[in-house]
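*Asks:* Please find one structure pasted underneath; my questions will follow.
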Amino acid sequence: MIAFDQLTWLHGKPQSSGLLKANPEDFLVVEDLGFAPDGEGEHVLVRILKNGCNTRFVADALAKFLKIHAREVSFAGQKDKHAVTEQWLCARVPGKEMPDLSKFQLEGCQVLEYARHKRKLRLGALKGNQFTVILREISDRQDVETRLQAIAERGVPNYFGAQRFGIGGSNLQGALRWAESGAPVRDRNKRSFWLSAARSALFNQQVSIRLKKTEFNQVVDGDALQLAGRGSWFVVTPEELEVSQARVHNRELMITATLPGSGDWGSQRDALAFEQAAIAEETALQALLVREKVEAARRAMLLYPQQLSWNWWDDVTVELRFWLPAGSFATSVVRELINTTGDYANIAE
């Protein structure tokens with residue numbers, strides 16, 4: 001398995017060092033659900049600004065305040081404890097008067113707004129996240145500036161970030177031990193973290209190997225191409241290569257790599273052969289995903305940060321602003337800019 005810090009850089013390894021998250025305020029995440037509350041229904045959507053609190057802790061506190069079971073409070077995604085984050089929580093409170101959530105008090109948290117909603121907010125049910133990231137102690141401003149311009153034009157690898165694999169790669173190591181032992185794992189959280197880490201590592205490896213090719217973004221026979229901004233994809237035929245390549249160049253289509261698991265991987269012919277070869281040695285992890293009936297899926301190989309802008313406060317400090325679709329990692333953008341120091345593996349996105 002390719003170590004995370006050895007994954008291929010799209011723009012070459014950064015020349016500059018820098019500090020990520022010197023303070024929680026240096027990493028601001030604003031959740032974008034992509035829809036507004038209905039204004040009616042048995043659920044209440046609550047938008048919360050938090051600093052120094054993890055999502056589950058706040059959700060449990062909200063449940064206690066509302067005198068409901070913790071499972072009746074849901075959210076679309078985990079957000080980092082060591083950052084300033086805005087996100088929505090959803091509480092099921094049917095047949096009751098609208099609770100006065102302005103009275104909900106928790107250190108580090110502030111209720112910004114709340115409204116009735118018809119449906120439960122489910123994990124992953126968000127459009128994306130808006131990020132404001134401040135990088136400090138940059139050693140080579142010109143290198144970072146050049147890279148920012150390149151990222152605006154060519155994007156970054158859509159890697160799963162280091163935080164997916166746990167501190168010191170603990171989640172991936174757990175998956176490997178599980179895969180090799182075959183023993184049952186009954187802890188639901190461990191199962192989820194370990195399976196996710198296994199699939200993410202296999203995806204990252206495919207992308208890293210493909211990026212080593214000079215024509216990595218050249219469509220090949222059997223590639224599964226994703227419609228930009230959507231989850232649907234189709235398999236390209238030899239007759240469609242030229243037209244599809246033009247659409248990839250225009251960012252209308254995205255080349256994908258497999259998230260391995262049970263069932264059809266989605267790609268065919270030359271593309272499938274490449275993916276199989278890229279992770280051929282990782283038989284234990286592949287077998288684990290099949291055994292645990294994790295369904296195979298696809299994910300775009302490249303990521304194009306939207307609304308990307310930056311402002312140099314001085315020669316060693318830059319503020320970045322960009323929007324990413326759900327499931328993408330801000331740290332994968334930062335990785336292409338600087339060799340980071342600071343809190344990296346603990347950032348939940």
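Residue numbering: from 1, along the chain as shown.
Every residue, even glycine, has its Cβ placed from backbone N, Cα and C.
Among the features that Swiss-Prot reports, substrate binding site is placed at F27, N129, F329, with the record citing sequence analysis. For D80, the entry in Swiss-Prot reads active site, nucleophile, with the evidence type sequence analysis. What Swiss-Prot lists as domain 'TRUD' is 155-303.
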*Asks:* What does DSSP assign F329 (substrate binding site), in three states?
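*Replies:* The residue in question, F329 (substrate binding site), is coil (DSSP, three-state).
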*Asks:* Going by Cα-Cα distance, which of the binding-site residues (F27, N129, F329) sits nearest to D80 (active site, nucleophile)?
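*Replies:* Closest by Cα: F27.
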*Asks:* What mean pLDDT score does the domain 'TRUD' (155-303) have in the model?
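*Replies:* That region's mean pLDDT is 95.
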*Asks:* Provide the number of Cβ atoms within 10 Å of the Cβ of N129 (substrate binding site), excluding the reference atom itself.
*Replies:* 26
*Asks:* Kindly assign D80 (active site, nucleophile) to one of the three DSSP-derived states: helix, strand or coil.
*Replies:* coil
*Asks:* Whole number in angstrom, please: the longest C-alpha to C-alpha distance across F27, N129, F329 for substrate.
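*Replies:* With F27, N129, F329 as the binding residues for substrate, the largest Cα distance is 13 Å.
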